[in-house]
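Take a look at the structure below.
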Amino acid sequence: MRRPAWLGAAALAGLVMALCLCLTWQLWEAARREAKRELRTEFETAARAVVNQLALRMAAHVQMLRGVQGLFASSDDVTRQEFTDFVRTQQANVEYPGMKGIGYILALSDARRGAHLAQVRGGGLPDYAISPPGTRPSYAPLMYLEPFTGARLRPLGHDMFSEEPLRLMLEQARDSGQPVMSGKATVARERGRGASDGVLIALPVYIGRKAPDSVEQRRDLLRGWVYAPFVMEDLMTHVGGARAGALALEIYDGNRATPQARMAAGAVPYFGAAPALRTEQRLGIAGRRWTLVISAGAGFGAAQQDQAPQLVLTLGLAVTALLSLLTWMLARSSALAGRALRKSQLLTNQLTAGQRRLAALAESAQRSDAMMRSILDSTFDAILVDNGDRRILASNQRFRALWGVPDELDLTADDAALVAHLLTQLVHAGPLLYSRSLRLEEHEEHRELLRLKDGRFIEQFTRPVRLGHEGARLWSFRDITERKQVEQRERAHRHVLELLAHGAPLQAVLGAVVLGVESTNNGMLCAILLLDDEGRFLYTGAAPSLPCFFNAAVDGLPAAPGYGSCGSAAASGQRVIVENIQTHPDWAAYREIAARAQLASSWSEPIRGASGRVLGTFAIYHHTPHYPSAAHVVLIEQAAQLAGIALEQAQAAQALRVGEERFRSLYDHAPVALWEQDWSAAREAVGRLQACGVDDLGAWLRERPEETQRLASLVRITDVNGAALVHVGACAKEPGTLGLAQNFGSLGAGAFIDALVALTGGALFHECESSFLRIDGVARQHELTLLVMPGHAQSLDFVIASTVDITERKRIDDELQALASTDFLTGLPNRRVFMARLDDQFARLQRSVDECASVLMLDIDHFKRVNDVFGHAVGDAVLRHMAALMRSGQRKIDTLGRVGGEEFAVLLPGTTGPAAQQYAERLRQSVADSPLDGDGREIAITVSIGIATIEAGDAGPDAALIRADKALYQAKAGGRNRVCDHAGASAPNSVDAMAAFTKA
């Protein structure tokens, strides 16, 4: 039973209405969210504008203060009237809202207070006084103040330092030299309106026009401050522009918005509940941070927020009603028309089915054709399909690109024009024509290699295929030029390397390179010209196919522009292409000889070595004018590279042979002893020891001398030079008779261990000093240098050792050391050595509180009289006698020294004052009891001795010597032949005493 038409229409209309209402709600909700987002963006913009406007306003106020600062900087004395006139000309009450006045605060010390009061009272202010009263170290009285509204904020003479916040502000401005703002403060406004919160900004004024650089200078040169008080409510007037009435602005002192820090609020009062739009901004002004809290009022953007959603809702409901009505009408009409259409559909179904079948067949054919075309065009090979009867059936884009087929050539007709185009590019047309004449059976394939005139190689395959019920031929072409060039290059390269390996002459090697190129490129005549060492001339290296007269003419060709293509290429280092020799200016001087040799074109490529240096040129000539293709360019580059390799290999081989001969000659005739050694067995033994867990090889070997001997026996000497034989006293060059003892003697085990550890640890170079044993059994010393040859660091099978006998040098060094440290007459340590030992002892005293030491100064009494009466020879004998007596009582730890003519010194480590005095007394008595026999006469000798204890608190080791020297002079003053102790005496400050000891 069919339903009434109106019932289905009503259901459809209801569904449309429900969908439209749902869509309307979604659009309305989206509009509400967008309105809120735009309102938030507008609020953020307005808030930023408020912050920027307030920042600019405060910057203008600070700039105003800088102008007043400039007034004081330009004049040493600014009067009250000048100050008033300047401030009034600025019209600050109009240009700078919120600024309640501009004042000047004087920096005043207590010393200047009286003069200041007298000066101001005498200047017309008899009642002037500094308030609050009292005496303070410094004052900051208010001197000038120009209010804009007629009300004074603070009385003249008010000491700003009396208020702690203001004092801190002024001191900070003084030390920084920058404007400084106070914190929250109460500032008076116009009379009758009470007081309100505000801030003060102060700017220092210094003496002079240039600002001081340091804090100390700023404090010394401080003149005063200019300042301005601000009332926050007036300061916020008109902040925010047109939006000011809809925004609530609150300013807090510091980085937190707390009730205690709140300084002011904007024109709109603070809302009770937290507003939906609210932001906090930070603002830095004159060294102070403000927190600005900006909130939106209830009317901020209310109209804009509701307008768009309301419009969307209204339009949505209207469209919903309209679409529901139209749906109902159309559905009802459709239901009525459907009954009529059903009848017509029965008649057209068969026709529609037939049309679909025809369309499917046509679409399948088109799809197959497109697929075939896509497959052909995407293949790497060039494809051509013909019917075997001179008619082209298909081709791909790769075929046109490979053979350079012009667009106007029709590839869907007879193949005569195409074949003619292909034949013009081939060196030999036979292979292609032969392939066209073949009748191939199924699964049979024919291959040909086609050579093109531009140097390319194309591989051709022909095979039969079936296209439906008809037979056809598939031609595939592939460019294998690069592969052929690689094969030719490798073949030529191998041939050249074989020639080099067999020691063939350079000319034969270069000739093989030239013939290799000519054999695979008909019509090419090649030549190699070599550049001389100075880089000035080119000489024929190989040109087997060129006439002899031509080779003779270009032999010695200058490597410069204008001397053929080879001369220009060698000079410029670039490839030179001459398509026609008869017209090119570089061949002007050689055209006749080129014409005689029937050469029409010339290509020259520089031959470079591995370092990039030009070694010569590779030239290709043709009998007809010819321009190179891309394949020809690659060919000449490869040929030049191969020639460069051949040249460098040949030169390297020659240099190697010469180097080996020179090295052998240098090795055999070197004045230094050279040893060729093999440490490989020792390295393997060390490796086994390390594998067994020996980590510290050096310490392990020093504890086991037998292992050291075993490892030393593994080192072989394989060769030596003549100097090495002389070095060890050997007669014949027989390395087998020499051993490691000739490098490391019995006393050189430690040096061998160090060398073994260094070489097995990866060192390539090691130096040491060691004893060695000559063949005659004499032990001497030498300097040993071990060098691991390159490439042998892992095996250590090729080590060169050089040795230099230093036995005589060591003896001379020891003698020089003795001369430098010993007094030649007495054999005692000289002054320099004694002072060094004294420095060491003083350093030990500084490190340990338990250490003690004493120093003695000795002087032979009446020594000058001995020289004058008995002569200097006897005087020298007295000095030697004195030294012998001192040695007789010396301990091993004591240090004796001759520090002057007849002056001696003794350092007694570990000795206190009393012990040192006992030692000195024994020495004095020994000298007195041992007269000297001089030429049969007995010469009595006495000595005066001064003692001092070295103290850790001394400024230096010289202090104790100075005290001992002072005690010595006290002993001489007391009658000589006595001991005087300086214990308990302070260090002398006499310059004469210091000079007496430090004399040379």
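Any Cβ shown, glycine's included, is placed from N, Cα and C.
According to TrEMBL, the protein carries these features:
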DOMAIN    74-293  domain 'CHASE'
DOMAIN    766-818  domain 'PAC'
DOMAIN    851-984  domain 'GGDEF'
TRANSMEM  6-28  transmembrane segment
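Using a Cβ-Cβ cut-off under 8 Å and counting only residues 6 or more beyond its ends in the same chain, the transmembrane segment (6-28) has close neighbours at 309, 312-313, 316-317, 319-321, 323-325, 327-329, 331-332, 335. Taken as a whole, the domain 'GGDEF' (851-984) shows an average pLDDT of 89 in this prediction. Across the domain 'GGDEF' (851-984), the DSSP tally of helix, strand and coil residues reads 57 helix, 35 strand, 42 coil. In the domain 'PAC' (766-818), helix, strand and coil residues by DSSP number 12 helix, 25 strand, 16 coil.
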